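Going by TrEMBL, these are the annotated features:
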- B:10-137: domain 'CMP/dCMP-type deaminase' (DOMAIN)
- B:ASN51, B:VAL52, B:GLU53, B:ASN54, B:ALA55, B:CYS56, B:TYR57: substrate binding site (BINDING)
- B:CYS62, B:CYS96, B:CYS99: Zn(2+) binding site (BINDING)
- B:GLU64: active site, proton donor (ACT_SITE)
Protein chains: 4
Amino acid sequence: MERGCPPEAERLGALLRRSREAKAAAYCPYSRFAVGAALLTAGGHIFSGCNVENACYSLGVCAERTAIQKAVSEGHTSFKAMAIASDLEDDFIVPCGACRQVMREFGKDWDVYLTKPDGTYVVKRLEELLPLSFGPEDLRKL
Amino acid sequence: MERGCPPEAERLGALLRRSREAKAAAYCPYSRFAVGAALLTAGGHIFSGCNVENACYSLGVCAERTAIQKAVSEGHTSFKAMAIASDLEDDFIVPCGACRQVMREFGKDWDVYLTKPDGTYVVKRLEELLPLSFGPEDLRKL
Amino acid sequence: MERGCPPEAERLGALLRRSREAKAAAYCPYSRFAVGAALLTAGGHIFSGCNVENACYSLGVCAERTAIQKAVSEGHTSFKAMAIASDLEDDFIVPCGACRQVMREFGKDWDVYLTKPDGTYVVKRLEELLPLSFGPEDLRKL
Amino acid sequence: MERGCPPEAERLGALLRRSREAKAAAYCPYSRFAVGAALLTAGGHIFSGCNVENACYSLGVCAERTAIQKAVSEGHTSFKAMAIASDLEDDFIVPCGACRQVMREFGKDWDVYLTKPDGTYVVKRLEELLPLSFGPEDLRKL
Ligand SMILES: [Zn+2]
Ligand SMILES: [Zn+2]
Ligand SMILES: [Zn+2]
Ligand SMILES: [Zn+2]
């Protein structure tokens, strides 16, 4: 897997587009805050997700985790990049702490594209978003 | 949607098989308790899921919720039946309370097939598994 | 511990009152749905809780779980009864599936008092609220 | 509230001690990874918590969130510092992403003391642990 090597332009374009499209399926009757995410696997597949809320708010789940769960359930556990899209016009949408931790389960060294509806983005390494993280190897230290 | 009408034999067979197959992708290094689930939509599609655990245990998710999130993220929110599979030889595997609540978000009137590895099962209405439930309509009462 | 034996009138009155009072501390700027809970331990202590929501909805927690976590963190893990209170005038407030599962971690045989603001209630055994449940002993079967 | 002003030595000593003591109540039969946390409110109160796990792993909760929920349920929502303790001899224990997000609900500008069993610690601002965070004000932008 070529971590550290950004997806080439065409693939990145597809990733960003898929995150925007995924937003359309968001089930968010409570927050009305639709989010889409697209996940690029090491093998070049893209899995997308949206938020899926619940009347018992704590049982909802974010777009980013939905995308990861889809990929894992299809046999993929090595990832290169995630793109996230929302309807916030003036902010690059960021993942919540729970999603950062779920991403981190599958490695610290991949990219997260934070986008705006106008197509602009900033990219961060997961490690920048969740510094000093706890992970699978820490459980084994006890 | 023909709720109350059980899936015909062939479709049910596929649903049960898909729940067993989905178990193979379980990411469960912490519990070593692999679970698979398969969800039949009102339109006849099947979506499968597995558990996806996390070093921070509370950030893991069950097979049933993975299957629902996959279906919702692909545009399906009306469901007929869910089948669940585990490696417990002597017990019909049941969904946890969180999964029952996530299922219930999408209606009370559908079937849950609790299976054993030998292919036998019992079927329950969701309402039997989560009686006196809280749901979307309750939030609107305030 | 005298499970199966209902709390005597005075203690029950205190439990119901504490669940109503606990509601006042609810941090629920997102749902505006305040809930209070009070938990009676086997030793006769009462611990109360409220819902504590989060801008990332899935990171919120219910009143019932807050009460249980408080009790456990103070060294209590054996419980007799839980009372739940909300502002729903016309419904006895019920616990969500996640809370039922968290209650069930500490036994199947205890009482849940579902109340209305007018002080009336219905009482259910936890097993009635979460039939056919998965619990700690099931994990050990694999 | 004097954010930015570290707790004086005596109070900090109490906070660190309470996080270690809280660990004793940890209910962690699944991970066997006991964690304690202590939370200092703006008014000078200390609330402590431990992890409370569940057979359905995803329904467990961390020590840090337990401490916050206790404080909120007792009417406190303004915090100055959190201390975290575990049995990891060689690492300063860090909060998971979910806990960082729950802390952040109540402000970005407070301190987290990451400790070792030998009593040494490092201190981080919450903003250093969860940079570029999503919070309550972001929900209001839509
Ligand atoms: Zn998230
Ligand atoms: Zn579950
Ligand atoms: Zn609940
Ligand atoms: Zn945590």
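Just so you know, glycine gets a Cβ as well, placed from its N, Cα and C.
Annotated features taken from TrEMBL, shown on the structure.
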residue	record	DSSP class
B:ASN51	substrate binding site	coil
B:CYS56	substrate binding site	coil
B:CYS62	Zn(2+) binding site	coil
B:CYS96	Zn(2+) binding site	coil
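Chain D comes close to B:CYS56, taken from the recorded positions B:VAL52, B:CYS56, B:GLU64 by a C-beta to C-beta distance under 8 angstroms. Closeness to chain C is evaluated for the binding-site residues B:ASN51, B:ASN54, B:CYS96 by Cβ distance, with values under 8 Å counted; counted residues in sequence order are B:CYS96.
Listed recorded positions B:ASN51, B:VAL52, B:CYS56, B:CYS62, B:GLU64, B:CYS99 compared with chain A at a CB cut-off under 8 A give B:VAL52, B:CYS56 as the close ones. The most densely surrounded of the binding-site residues B:VAL52, B:CYS56, B:CYS96 is B:CYS56 (count of other Cβ atoms within 10 A of its Cβ). Checked against B:CYS62 (Zn(2+) binding site) by C-alpha proximity, the binding-site residues B:GLU53, B:ASN54, B:ALA55, B:CYS56 yield B:GLU53 as the nearest. Non-local contacts of B:CYS99 (Zn(2+) binding site) by the CB criterion (under 8 A, 6+ apart in sequence, same chain) comprise B:CYS62, B:GLU64, B:ARG65. Listed binding-site residues: B:ALA55, B:CYS62; maximum Cβ neighbour count within 10 Å falls on B:CYS62. Here the recorded positions are B:GLU53, B:GLU64, and the one ringed by the most other CB atoms within 10 angstroms is B:GLU64. Working note on the binding-site residues B:ASN51, B:ASN54: by count of other C-beta atoms within 10 Å of each C-beta, B:ASN51 ranks first. There are 25 other CB atoms within 10 A of the CB of B:TYR57 (substrate binding site), with all protein chains counted. Nearest Cα neighbour of B:CYS96 (Zn(2+) binding site) among the listed binding-site residues (B:ASN51, B:GLU53, B:ALA55): B:ASN51. Listed in sequence order, the binding-site residues among B:VAL52, B:ALA55, B:CYS56 whose CB lies under 6 angstroms from an atom of ligand 2 come out as none at all.
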